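As annotated by TrEMBL, DNA-binding region applies to 36-105. The feature compositional bias 'Basic and acidic residues' is assigned by TrEMBL to 25-35, 71-83. Positions annotated as compositional bias 'Acidic residues' by TrEMBL: 123-143. For 36-105, the entry in TrEMBL reads domain 'HMG box'. Here TrEMBL flags 1-39, 55-83, 102-143 as region 'Disordered'.
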Amino acid sequence: MKAGKSNAVSRKPDSRLAVKKQTKKEKQAAKDPNKPKRAASAFFVFMEGFRKQYKEKHPNNKSVAAVGKAGGDEWKSMTKEDKAPFVAVAEQRKEEYERQMRAYNKKLAGEEDEESDKSQSEVSDEEEEEGSGEVSEEEEDDD
């Protein structure tokens, strides 16, 4: 027997039939820039001040990971009493965020209500009336 090609011919997939896979970014909905940012947790409130202190003590350190690790270790070693002021600030920010979100959602709901006040048939009727007014003026010119 001779060694040769098998009867089954391997083909490249037809590009017309290929299904394009969506990337993760394409799957995500576009973010609204007007939407309020979520409130920071107590740890992140703590980290705002800790970063400044850490940079003063270690001016040559450029590593973000080192700052985060040191901040995490410091946070873990703190007692509940030490964390209390950060928790209080975080709760205030959360309440403010919730107020902003209620206002934002009301604004979105208000915009949707204004758009949905007229049905499609009413909108198309108005367009036809505007168009018919122009035709009648042209007909008057022909007479």
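Yeah, the Cβs are placed from backbone N, Cα and C, and that goes for glycine too.
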For the region 'Disordered' (55-83), distant same-chain residues with Cβ under 8 A (at least six beyond the ends):
42-43, 46-47
In the region 'Disordered' (55-83), how many residues does DSSP call helix, how many strand, and how many coil?
21 helix, 0 strand, 8 coil
